């Protein structure tokens, strides 16, 4: 309504200016001369021409497209700034050729771009379902393609033949632009034909549609790049720096490169989808949401179809609705996943890449498999060699083809340690020289050195040899290595470092230890035959019920490390005996002082209160595995009217215990020792 009022006001103002010129002039010729020479009359005339141009364009838009929707207006507004930048560059380059004809061609080019953009929006948005409601839209869109193609061809011919529109360089600019618009219109019409063909064959799925669409887009970008390259070569003799052509060439080249790269990633992600994305089991579907995130339909395993199949609509031919599991653990339909991968090669839920073993993006919560990956990355693969053995810890041996199909304690896709596991995440980090039996896995021991390196020059007869840090090639990463007491037997290294590396422990899903488990003891037969003393050096094995809590257990150490620990324990026991003797002396002195105070108070009859507080306990009886400790003891001596009383309070146990209370084993653990005491 506002635009109509603006057009009417412009026409009325232009009519008044013409009447005023005729009234003040003797004849029509003099009135025409006055209008052409007066700046006010020229401005009013240009305003009327612009209003008429906008009115014609608006009428053509209403005729071809009808009313625009909100999202179309937003997209046009976004493209307006790009078009405005290109116009400014064109005016800067061709500032000498600026004229009324130049502005008319430039305005026509702007509106032609708007119409072509609307056609592109409608084509991409159009769902080719030829019902009675959509047939009118489809016919109007076809008419718009026909009218715009005639308009583009006419303007190209006009710019080629009409010399009064400007010099050759300016006309070639508009020829190139209208040719690119005609090319875009042809590509969009071809895509519309592809959509129409797909709509005519709804009873089957056309998987090759994405390939044809990609070829059309590549042809579009390639021909655009060729057109602007020819324009650059033609304008170079006339324009010193053809900035406009350079920008268009860069845009086309980047679009072509990005499209080819995305298609290559799509081909990589969909090369063998049945092998890359295993079929989700019925148990995994039960433990997760059965609704597909893309189509919002319920997913079913092929072996467990829905019960009410008669009420459901028949699926088109070739439509694969098999639930596929991504590396991140999310499940989607096969067909929905393929359509999604055409646009993005990431999970639609967590945005994790589906190509390769890539980590989660920053700021996005990790999937359950990431926890298992973080644990497994602490174990190096000694030789980084592929293996065909089962993944350690998979509890369901019948699903070796799909390592993710097992569960443990209600956790989907979990190994025996309770963490979710994935073959691609664990195969390159966990040492897999030997296969672990079902119900066993390896967990790291926090706070321990893993995979220590022993020097080549270490004597095999020296039991106190200490581990040294050397070249990784001389460690259990795969290089040669000499261990204490190994002799010349080659099975020693394989028995220790080849099965369970130092700093790790075996964890079982039952309460049976390694020494009584015949299934796991067979793994160490070769190692046990290498050395008679090897049985005492077997890795630390704990049940699963204690595996996650015993983080401070002693790790699998070599004889040299065991010797150092024994010497440290002997020194610790010596210090404990010295502390006990000091405590005994302190107790005797304390008793003598207390007796003297009682005698002094009874003799002198002085009313005073003496309050003494003993020192804090030196050792905590709970932390010393049977060794008593001092508790907070407070003694109050109160004397009132020649009467004294001694109040002694203790938390649990008096520090002055008898010898029987102090009897305990040598298995102690020192947590805190005050050396200044």
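The first residue you see is number 1, and the count goes up from there.
Yeah, the Cβs are placed from backbone N, Cα and C, and that goes for glycine too.
Record check of 360, 367 in Swiss-Prot: the feature phosphoserine is attached to 367. Each of residue 202 and residue 588 belongs to a differently named topological domain in Swiss-Prot, hence to opposite sides of the membrane. Proximity of the transmembrane segment (87-107) to the transmembrane segment (3-23) is not established, fewer than 3 Cβ-Cβ distances being under 8 Å for residue pairs spaced 6 or more apart. Listed stretches 40-60, 141-161, 172-192 were compared with the transmembrane segment (3-23); the greatest number of C-beta pairs under 8 angstroms is found for 40-60.
Broken down with DSSP, the topological domain 'Cytoplasmic' (61-86) shows 21 helix, 0 strand, 5 coil. The average pLDDT the prediction assigns to the topological domain 'Cytoplasmic' (61-86) is 85.
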